[in-house]
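Per Swiss-Prot, ATP binding site is recorded for GLN85, GLY103, GLU104, GLY105, LYS106, THR107, ASP493, and the stated evidence type is sequence analysis. Annotation comment: Swiss-Prot describes CYS821, CYS823, CYS832, HIS833 as Zn(2+) binding site, evidence class sequence analysis. Annotated compositional bias 'Basic and acidic residues' per Swiss-Prot: 780-790, in sequence order. The compositional bias 'Polar residues' feature in Swiss-Prot is assigned to 791-809. The feature compositional bias 'Basic residues' is assigned by Swiss-Prot to 827-839. Annotated region 'Disordered' per Swiss-Prot: 780-839, in sequence order.
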Amino acid sequence: MANILRKVIENDKGELRKLEKIAKKVESYADQMVSLSDRDLQGKTLEFKERYQKGETLEQLLPEAFAVVREAAKRVLGLFPYRVQIMGGIVLHNGDVPEMRTGEGKTLTATMPVYLNAIAGEGVHVITVNEYLSTRDATEMGEVYSWLGLSVGINLAAKSPAEKREAYNCDITYSTNSEVGFDYLRDNMVVRQEDMVQRPLNFALVDEVDSVLIDEARTPLIVSGAVSSETNQLYIRADMFVKTLTSVDYVIDVPTKTIGLSDSGIDKAESYFNLSNLYDIENVALTHFIDNALRANYIMLLDIDYVVSEDGEILIVDQFTGRTMEGRRFSDGLHQAIEAKEGVRIQEESKTSASITYQNMFRMYKKLAGMTGTAKTEEEEFREVYNMRIIPIPTNRPIARIDHTDLLYPTLESKFRAVVEDVKTRHAKGQPILVGTVAVETSDLISRKLVEAGIPHEVLNAKNHFKEAQIIMNAGQRGAVTIATNMAGRGTDIKLGEGVRELGGLCVIGTERHESRRIDNQLRGRSGRQGDPGESQFYLSLEDDLMRRFGSDRIKAFLDRMKLDEEDTVIKSGMLGRQVESAQKRVEGNNYDTRKQVLQYDDVMREQREIIYANRRDVITANRDLGPEIKAMIKRTIDRAVDAHARSNRKDAIDAIVTFARTSLVPEESISAKELRGLKDDQIKEKLYQRALAIYDQQLSKLRDQEAIIEFQKVLILMIVDNKWTEHIDALDQLRNAVGLRGYAQNNPVVEYQAEGFKMFQDMIGAIEFDVTRTMMKAQIHEQERERASQRATTAAPQNIQSQQSANTDDLPKVERNEACPCGSGKKFKNCHGRKSFS
């Protein structure tokens, strides 16, 4: 272990020596840049672009380009990047993560690689965690870029598509991680190229990269549409039922936060809902509602997992930042179950139209880099998932903060008394204090205790984060007491007020340890910026969530040896700190394993999504006749239909093929079994294909000109692809839930998901081609409707296509439930196009 640690340290030192060598080369240009006039310095941007076009690489331009930005920042902002900031900028340009402590000037560091990469003209995205930081950084640092002749855009959620397109077309675009993800999804749902807003994804520089790529890695971005609200009563009934249960009726697994009915709970459910067997297959939907109601009532906690807004909306609380996640909803019906629990209006369930995780969103960029003050603990994940190294950058000045040993109390009450007493003592002498909590509930509790003690303070949590930047900026003033939920206010520096250094600087008090060491380090890092004095002190109790779930047995044994009897007794020990860190490492390992599994599942969706989106983009951007593609779909559809009956009795096979042709290819009376008898399969395929081509030509002849034909082809394909893809996403979600249960049968659920997901994807492609074929062959095309179709294209519901086949199944040939479906899929009619008829 010692040898491994020594090797890691040596590698870091070697990397720093390389960075320092390049940084010195950047610094060697300083005098030359000082001597340039403003006009000459600004002219360097055009010079760099020309040199890049002639074949110089960005790496060759780096020393001089970085030097230009340093000098520009000095003239425009009065700020001159230090050597360590140059080193951080080099790491960012290389597509890695410089670990730079709080207050070391990460925002200024980013200007150098952002400028250099913008020279290539392919766009640079600077990603922040909220719109306040995007706007602030774009406004402040944008002055430097604009002065140097580069365009800067800000992409905000409230902007129109035209404004977003303008922002993305700038050399440098500031955006939040969620908005850039949603724009990507929306771009892959439009029907016209002019409605797209993004350019190809080139270089993303992510601020607070650990928050986005680690903490939110499992968070999917979902674009969805509403479905029927008839299920609301089921949510309410399930909620009423679980509220009748006692603790013996359900079983909770504390470490995994899962819950299920016990035998007595099952008996009560069968009695309550008048069932003979709760787990009969026809009750699958009901068990889903009950499971969600159990989770909502006994796992999800008010003011910890979610809050209820003043207007009665359930808002998710981000467990890592303490902020509410506006616009986000728990998936799979859990949000509706919580709404039923809290007695607020139940919003309609939604159907997913498109989704992507941050892991796969940001891996699509040609180059990805990020900044943070705390990433070394997650180095393995950054390397394995994102192919990014973590390079610790030295501080410009030595760290003067004093990190005190943790204090452990037997109970929550004794711990909070000690916290209040510490705050009171420090506040009396005027030392500013930042009290960090992991939950809204805890911050409210401490606030009440400070009010009782007569200590004025500010509270910063998920309920009032709109003021967070202002509150955090004042947290370093003399006498300030600030309670902050977790890392609320992250991204805003706490600067010390007058006379505070003499009082010991900012004191950070942690009210419990977080599951992640990184989050604790972030809290500590709010104090002692740029060599300022400061202190940090963590208060723990045996009743803390981390201790209760992961560390209590060992630590209790340790405390038994210490003879911890009285409630206010406090333990201060280095061994305790090691035990706590060991518990945190176990949790971090569990969380990493979970994120890895999410990625394995999502990679299946990613591969399929990339195929669909690439083909979709080809259709949208095509300025040509899509006839060859549609004809190929028609041919494959015919081939599949004929092949599906290759092993059937010949008479039955011919009858089935004729049924397929009549319903999907040609006018009903224009084909009979008689003309196909005696032909081989290949001959049948060719005969049907030639008939289909003739009808295809007839259909297109009804359109006015080539422009109308291309538009019709595009809308036809996109409408069907989008409908099938939406259904496929839901089917994959259901498959994922189903294969999760197979782990109990010793099957690898990920392998099963990959295999079945691939087969489902192939089936979807076949279904798309079948629907394109049938609609192309059977549509009634009205030229006079073309203009209206163009206007409504974005809804993917063109008015120039009306299927000749009525939705009424009486218009279909009579097919029995268990016969082969006439579409040629090979499935039984009841499991294919007859499903709606029989449901």
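Cβ atoms are placed via backbone N, Cα and C, with glycine included.
Since the structure is predicted, the reported quantities are computational estimates derived from the model, not experimental observations.
Where Swiss-Prot records a feature, it is marked here on the structure.
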residue	record	Cβ within 10 Å
GLN85	ATP binding site	27
GLY103	ATP binding site	21
GLU104	ATP binding site	24
GLY105	ATP binding site	19
LYS106	ATP binding site	21
THR107	ATP binding site	18
ASP493	ATP binding site	16
Remaining residues near the recorded ATP site, that is with C-beta within 8 Å of the centroid of the site residues GLN85, GLY103, GLU104, GLY105, LYS106, THR107, ASP493:
MET100, THR102, LEU108, THR109
According to DSSP, which of helix, strand or coil covers ASP493 (ATP binding site)?
coil
Whole number in angstrom, please: the longest C-alpha to C-alpha distance across GLN85, GLY103, GLU104, GLY105, LYS106, THR107, ASP493 for ATP.
17
